[in-house]
């Protein structure tokens, strides 16, 4: 049996909110089987829990935000969720003392480190995968995203930026997902932004925590970060990282091929909602044997069985 996973123990980190610029403390804690991922605002009295479900994503401008019926939000969840998806964590309670997840270094890598530091515990219940049975597609102008049947989880992603630095880089990546491929090739890709946009955002009290410490910053011609890029194709890889996080609000690891052109948070969420609304397009499956699983979430050394 392939089992569900949670973290072995609580782990804590402090960072800065991308938009507020304020200090944020994040705690990741174990959760029972079939809990899913639940986020909790501990700065509210009483604390407010918001389950990570596609229908709770009600804000997709500049980030992905979960918002409950009372309008209480937790923003910038996508990099943390990419790490949860990449390591195959099914169940966790995540507490945060602010309206946004800390931006850390602008990638998923610090969250991968946190989860690995907490340890990964296998639980006594079968892991469920969301298997795509037929194609589902959403479009917005020339942008589009699609999920279709595939034995593992493949990502086929293309961006199209006219900026000379991005245009010079590879803007099309096809990869077959595994935890090791995610950690090595995707997790360190940072969010990127243009100096002209950052100036506008700050004038509107946004991106107050943004800096070259947590983003790739470009002017009209080049990357301004003194250390340059982490990957030659960091731009498209960060868009893939965002998509991993955005798709994980489906509630399960996906078995299928995700193909996208110029998509962002809004279209990614539309795709998940469209998929879940068409119940003949997917099914939940479990696996008895490791050899039968078409996606590898390699269990790190030291994982224990509950």
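Here the Cβ of each residue, glycine as well, is placed from N, Cα and C on the backbone.
Per Swiss-Prot, the features are as follows:
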- 79, 238, 242: Zn(2+) binding site (BINDING)
- 265: active site, proton donor (ACT_SITE)
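Fewest Cβ neighbours within 10 Å among the recorded positions 79, 238, 265: this applies to 265. Residue 242 (Zn(2+) binding site): 24 other CB atoms within 10 A of its CB, across all protein chains. Cα spacing between residue 238 (Zn(2+) binding site) and the residue listed as 'active site, proton donor': 12 Å, rounded to the nearest whole number.
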